[in-house]
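Here's what TrEMBL has on this protein:
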type	residues	note
REGION	1-29	region 'Disordered'
COMPBIAS	1-11	compositional bias 'Basic and acidic residues'
BINDING	GLY127, ALA128, PHE160, ASP245, GLU246, VAL247, GLN248, THR303	pyridoxal 5'-phosphate binding site
BINDING	ARG163, SER302	N(2)-acetyl-L-ornithine binding site
MOD_RES	LYS274	N6-(pyridoxal phosphate)lysine
Amino acid sequence: MSELTQTEKDSLTGALQERSAGTDGQGAAPAKLSAVFPSYARYDLSLVKGKGSWVWDEQGNKYLDFMCGLAVTSLGHAPEKVGAKLKEQIDTLWHVSNLFHIPGQDRVAALLTENSCADQVFFCNSGAEANEAAIKLARRYHQKVKGTDRYEVITFEQSFHGRTLATLTATGQAKVKEGFLPLPAGFKTVPLHDLEALRAAITEHTAAIMLEMVLAEGGIIVVEQEFLDGVVALCKEHGLLLIVDEVQTGMGRTGKLFAHQHYGIEPDIFTLAKGVASGFPAGVMLGKGYLREAFSPGSHASTFGGTPLAAAVMEATIETMLEDKLPERAAEMGEYLSGQLRAKLEDTSFVKEIRGKGLLIGIECHEPVAEIVLAGQKRGLLFVQAGPDVIRLLPNLYVSTDEIDQAVDILSELIHTYANKVSGEANS
Ligand SMILES: Cc1ncc(COP(=O)(O)O)c(C=O)c1O
């Protein structure tokens, strides 16, 4: 990845320090209603350019990006090697139907299966679609290969699996389901870390248990090893498939290529999206070899899944991650970031807990943090929430200690200021 020159870095650092908390660094309000459906609560900012750890808005203000498009731009913005491969592919072939062989897909599948417990790969375009494919594969395996009447998928409270009808039903958060009734049948949600509730939910119709290794949207909740061992044992005992949703945790972010590798387990199925293609839309569902026959020709498909363009970007992204040992780097930088956060925030009781894995870090606070996120934007630092009270940090995997220091300084100042404001209001 190309680095910014020292002069560029200095000027960016200066910009960060100079932008006062009171300056409105946000974009102008739109003059008329947008023709885009208002399904997103958008920040009043338009980002138009990015390089490495930095993005620029329409007014030329610079921001240190510690959200990475929600865990997508893990190689930083506009990574050169991936961009070069994309441009080369643009001049060669954009799209062919999956009715033809696509050699790029085979190369990506080889990279993924050689570096994981999976043997088979299905390409699609997003995390929700990858999870849909996982649910479909689990049902079809039980119904067509095993000849059983198993269709139900058990998931966990606070989980997030996507916005299609099946994946929002699988999601353990009521807010994503509001107004979308009736929901598809065949899903049950139980509390996380409650093995007895899970055991009680299993019936002769259960096909699979699906979970994230770190519940990211749900508040950066790291799954406990003992609980996961219990889940694996229940799957074995009842002949269920274990599906791990690695849409946010996968591709190096947590300090291993895939987060389930921290736990020494082998899921039957796992899913990827976000970091797998540096910002190009792509999703992947991976499964064990014994599931192969469940997806016979015609059983599942996607027009745009794994096109030559998508495959070229995925191949370059994964190769770069492996060559530059980015999972190891994420582990190292994650330790550094958490350590710095603990050192700077240990004196404030406003912070409840700092937790996470690798470069997927949550700072749980005693109060809602939305104002801190907005204040961060005004100080030139981008980060997001994971639920109302948790600040979520997702820098790119090349992030430097210098950039981490800058982010931690700003964040610690923002949190201390806000904590004082809240305690002042409580005392007045
Ligand atoms: C764990 C997890 N699963 C699934 C999804 C859905 O992915 P997409 O928005 O690409 O459909 C997300 C998105 O945030 C996610 O974090």
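A Cβ is built for glycine as well, from the same backbone N, Cα and C atoms used for every other residue.
Just so you know, of the binding-site residues ALA128, VAL247, the Cβ with the fewest other Cβ atoms around it within 10 Å is the one at ALA128. Of all the recorded positions in the record (ARG163, LYS274, SER302), the one with the smallest CA separation from ALA128 (pyridoxal 5'-phosphate binding site) is ARG163.
Ligand 1 lies within reach of PHE160, VAL247, GLN248 from the binding-site residues PHE160, GLU246, VAL247, GLN248, THR303, judged by a C-beta closer than 6 angstroms to any of its atoms. Mapped onto three states, the DSSP output places GLY127 (pyridoxal 5'-phosphate binding site) in helix. The CA atom of SER302 (N(2)-acetyl-L-ornithine binding site) is located 23 Å away from the CA atom of PHE160 (pyridoxal 5'-phosphate binding site).
For THR303 (pyridoxal 5'-phosphate binding site), the Cβ neighbour count at a 10 Å cut-off comes to 10, with all displayed protein chains included. For LYS274 (N6-(pyridoxal phosphate)lysine), the same-chain residues that are 6 or more apart in sequence and have a Cβ closer than 8 Å to its Cβ are LEU70, ALA71, VAL72, SER74, GLY127, VAL247, GLN248, GLY250, MET251.
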